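Structure, as structure tokens:
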There are 2 protein chains.
Amino acid sequence: MQYRTIIRITGLLMGLFSMTMLPPALVAILYSDGGGIAFFQAFVVSLFLGFSLWYPNRQYRAELRTREGFLIVVLFWTVLGSIGALPFVFASEPQMSWTDSFFESFSALTTTGATVITGLDHLPKAILFYRHLLQWLGGMGIIVLAVAILPVLGIGGMQLYRAEIPGPVKDSKMTPRIAETAKALWYIYLLLTISCATAFWFAGMDVFDAICHSFSTIAIGGFSTHDASIGYFNSPVINLICVFFLLISAVNFSLHFAAFSRRGINLKVYVKDAEFKVLIGVQLALTVICFLVLFNSGIYDSAEDTLGHALFQAVSVSTTAGFGTESFHSWPLFLPMLLIFSSFIGGSGGSTAGGIKVIRMILLLLQGSRELKRLVHPRAIFSIRMGNVALPDRVVDAVWGFFSAYALVFLISMLSLLALGMDNVTAFSATAACLNNLGPGLGEVASNYADISDGAKWVLLITMLFGRLEVFTLLVLFTPAFWKN
Amino acid sequence: MQYRTIIRITGLLMGLFSMTMLPPALVAILYSDGGGIAFFQAFVVSLFLGFSLWYPNRQYRAELRTREGFLIVVLFWTVLGSIGALPFVFASEPQMSWTDSFFESFSALTTTGATVITGLDHLPKAILFYRHLLQWLGGMGIIVLAVAILPVLGIGGMQLYRAEIPGPVKDSKMTPRIAETAKALWYIYLLLTISCATAFWFAGMDVFDAICHSFSTIAIGGFSTHDASIGYFNSPVINLICVFFLLISAVNFSLHFAAFSRRGINLKVYVKDAEFKVLIGVQLALTVICFLVLFNSGIYDSAEDTLGHALFQAVSVSTTAGFGTESFHSWPLFLPMLLIFSSFIGGSGGSTAGGIKVIRMILLLLQGSRELKRLVHPRAIFSIRMGNVALPDRVVDAVWGFFSAYALVFLISMLSLLALGMDNVTAFSATAACLNNLGPGLGEVASNYADISDGAKWVLLITMLFGRLEVFTLLVLFTPAFWKN
Ligand SMILES: [K+]
Ligand SMILES: [K+]
């Protein structure tokens, strides 16, 4: 293991990340909200720490292998998550414990969007802006991780997306080198964010809210500057804009990359993609179910109103954004549970969404149907096909492995919460909401995570990390084989 | 498809099954409890129905293929389950609706042991005896299904147990023909039941209770003749006897067959078997956890008392028996939830226990650890081994398929219950308890299923059937390929 190279890279990352503290400091000055000092302190500390890691190792530039890749990815999230907690620790308003600071930071950076802060509407703007910025950076990190790094590492069948393996994304001719890919992806990401912010602004948000909510929408993070979340604006147009950009962000960014290339715009890329079609189909189905149940129970005055709320909540929860509207908690229990279950599907691979991912669900269903065919025709050979290409057994194996590891993490996390004395509904929904990087749950964590115990917060922080790092990236570090030479 | 042969066999089965009505009728006469007439009616009806199916097709004796095997297995449980409901329908005490009668009959025959009847202590003896007899016959059916039929059909990786595939059970040199195997297994089953009944009797139960509870213990069914279940006897010795025979019944019956063969007794067979060791390990671990948590919370007076209750409930729930003691409901929520989760593991394949089965869990873990190894060494080839033998990919695929199909059935069942208006805890635990053929759940179904809606009862009846038929046996009937020639 090239430890010193890894330390050098970690130092660089921290140094780079320290810059994150400057925009909120600027916001603090703009609004003279007195919150600036905490960010300046955090900037100095993280710059210093980063420098101390980087300087003694600046000569170490060994070629990195897959194994170091895992470690760097995990360090990226854990180290930046920890550094990201500093402004919360230093801030005098809100007063936050170390546990709460870490929880908020990891929740932001993993784009989970579970919060321990209440009274958002009265917080210093700098703190609000910073929370959204963290989500936005986390979203960027995920895109690069999911599109450029995980396929190379081969996590959970994502080698499927690897350029050299024939598959639905092959046509996109993704630039193979991580750096260039990353640059192109960030460009798309930035463009989407600007479009989303502009749309929110036109629809009536003030500039600050528009920017903040565009960050948390494109990152599918779900943070808001108001306790009432998007429900605060009480605007069907804003809800629709949010839905539109959530759906775009839940699509594999490789598809955006392929659709908007230098050769011009080619929207057929989407229609041809199996994962895209299933994603949209799932959203439609959920919306229809929510509409029918809500319409039947007569919670809203008009059919139009009902449809608007059904669409917004279906997309918000099932893409794992977790934005809320006020009336969600009054829905019949079946719907919140259905939507929380749907967050296990989540968005596409290579998007900012959480969950198991649509592509893996498709593969699980194809494999399930192959098993049924095998029972009827025991001697026949059936291959699993995506488009016209038979998938290698290795990919299928990896997806199965992913699914059961995901289930295992879910189980251990939920049992830990129960052991810490949490009630059943809260434990179930909090585990699902954190593992799927969704955010809000049901019961005690329906709107925030402020009232649960410190122990539970740490369990859930780790659960978020497992979800965001696709379980195996983190799990592999706990195997002896990983550390053996 | 050889329909007329299948109808002939179904008719035969029904005719044979009509005999089941006679022992309860005899019990009714013995205790002069007036319940005999219902059983006589059921006997006549089922004998007549069976004859009408058999007689016109008595000449059809086509060779059956795998496909007909699936259909016969499913018919065995559905047709006998329906016929088995007749005495409940006909009985004047207790007065039961059609839904309740079917629920009770399917719950008994699948050895689930969920009951809709309350006031067991005051029921006619004939009805009580009949419920236990149904469980006992269901348990017999399961053993034959799991040891002799499923391996041939190749359900959920159970081809692992097939004699021609090298594996841990190969040494047992299982008589290959189903009929002979069945005979040998029933002999073991009968012997175990007699031993269990004798032990219960010596420990203080009256003859009737001893026989009934031996039936529901060996079948891991969990029915009792008292509302308070085994807790009624309030006897540590009876609890221990119950634990002992539950553990024996949760072991693969092929092992018993191998251990007690004509060549003499050879207990090493058990110690050498990986599944047996894991089964016992899981029970021990659960007992220790329960003991520690209970001791810490000080529910019982002495450590001895605490250990007794911990052991009994751990084994009763995790082997999917579902016998209760009075104090279980006062345990900290973590423990009931832990035990319900453990019922997903269940007992060994080829036993009367429900759940996913220990052997499949072992394979899932081995495959998960292979995935981790593959991430670290992407170019290496790792095979999955049980004992000294590498398992064919086909077996591993089938186990994955089983796991996700199981998860899917769980999800659909739980969502259906929520849609029918059930609360979260009840829906979760009822689904788990019925899919794993465990019996009692939490919340509204902690002691019985009398108070849930008719719709919910039908959902759960189907869930039990999916669990007992290892999901795929039933699922395969819903594929078009199955019905195509
Ligand atoms: K989120
Ligand atoms: K049972």
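A Cβ is built for glycine as well, from the same backbone N, Cα and C atoms used for every other residue.
Keep in mind it's a predicted model, so treat the numbers as computed, not measured.
Summarising the annotation, TrEMBL assigns K(+) binding site to B:Thr111, B:Thr112, B:Ile220, B:Gly221, B:Thr320, B:Ala321, B:Asn437, B:Leu438. B:Ala321 (K(+) binding site) falls within neither a helix nor a strand when secondary structure is assigned with DSSP, and so counts as coil. Residue environment of B:Ala321 (K(+) binding site) contains 35 other Cβ atoms, counted within 10 Å of its Cβ in all protein chains.
Long-range contacts of the transmembrane segment (B:12-31) within its own chain (CB-CB distance under 8 A, at least 6 residues past either end) are made by residues 39-40, 42-43, 46-47, 49-51, 53-54, 75-76, 79-80, 83-84, 87, 124-127, 129-130, 133-134, 137. Summarising the annotation, TrEMBL assigns transmembrane segment to B:12-31 (among others).
Annotation comment: TrEMBL describes B:37-57 (among others) as transmembrane segment. Non-local neighbours of the transmembrane segment (B:37-57) in the same chain are 4-5, 7-8, 10-19, 21-22, 24-25, 28, 83, 86-87, 90-92, 126, 130; each lies 6+ residues outside the stretch with a CB under 8 Å from one of its CB atoms.
Residues or ranges marked as transmembrane segment by TrEMBL: B:69-90 (among others).
For B:133-163 (among others), the entry in TrEMBL reads transmembrane segment.
TrEMBL lists B:184-203 (among others) with the feature transmembrane segment.
If you look up TrEMBL, you'll see B:237-258 (among others) marked as transmembrane segment.
Annotation source TrEMBL lists transmembrane segment at B:278-299 (among others). Nonlocal intrachain contacts for the transmembrane segment (B:278-299), taken as residues 6+ away from its ends with a CB within less than 8 angstroms of a stretch CB, comprise 247, 250-251, 306-307, 309-311, 313-315, 318-319, 327, 330-332, 334-335, 338-339, 342, 345, 347-348, 358, 361-362.
Distant neighbours of the transmembrane segment (B:333-366): 111-112, 139, 142-143, 146-147, 156-158, 160-161, 218-221, 249-255, 274-276, 278-279, 282, 286, 289-290, 293-294, 313-314, 317-321, 384-386, 391, 395-396, 399-400, 402-403, 406, 429, 432-433, 435-438, 441-442, 467-468; these residues of the same chain sit at least 6 beyond its ends, with a Cβ under 8 Å from one of its Cβ atoms. Look at TrEMBL and you will find B:333-366 (among others) tagged as transmembrane segment.
Same-chain residues lying 6+ beyond the ends of the transmembrane segment (B:395-420) with a Cβ under 8 Å from its Cβ atoms: 154-160, 165, 356, 360, 363-364, 367, 384, 426-428, 430-432, 434-435, 453, 455-456, 459-460, 462-463, 466-467, 470-472, 475. Residues annotated as transmembrane segment in TrEMBL: B:395-420 (among others).
Sequence annotations record features per position, and here TrEMBL assigns transmembrane segment to B:458-483 (among others).
Here the transmembrane segment (B:184-203) touches the transmembrane segment (B:237-258). Their Cβ atoms form 3 or more pairs under 8 Å, with each pair 6 or more residues apart. Outside the transmembrane segment (B:69-90), and at least 6 residues removed from its termini, the chain residues within Cβ reach (under 8 Å) are 1, 6, 9-10, 13-14, 17-18, 20-21, 24, 37-39, 41-42, 45-46, 49, 96, 98, 100-102, 104-106, 108-110, 127, 130, 134, 141, 145, 149, 152-153, 465, 468-469, 473-474, 476-477, 482. Take the mean position of the Cβ atoms of B:Thr111, B:Thr112, B:Ile220, B:Gly221, B:Thr320, B:Ala321, B:Asn437, B:Leu438, the recorded K(+) site; other residues of that chain with a Cβ within 8 Å of it are B:Thr110, B:Gly113, B:Ala219, B:Gly222, B:Thr319, B:Gly322, B:Thr352, B:Ala353, B:Gly354, B:Asn436, B:Gly439. With a threshold of 8 Å between CB atoms, the same-chain residues lying at least 6 positions outside the transmembrane segment (B:237-258) that come near it are 139, 143, 146-147, 161, 169, 171-174, 184-185, 188-189, 192, 195-196, 199-200, 203-205, 213-214, 217-220, 230, 266, 269-270, 273, 275-276, 279-280, 283, 308, 311-312, 315-316, 319, 321, 323, 325, 346-353, 359. B:Thr320 (K(+) binding site) counts 31 other C-beta atoms within 10 Å of its own C-beta, drawing on all protein chains shown.
The binding-site residues examined here are B:Thr111, B:Thr112, B:Asn437; by Cβ neighbour count within 10 Å, the least packed of them is B:Asn437.
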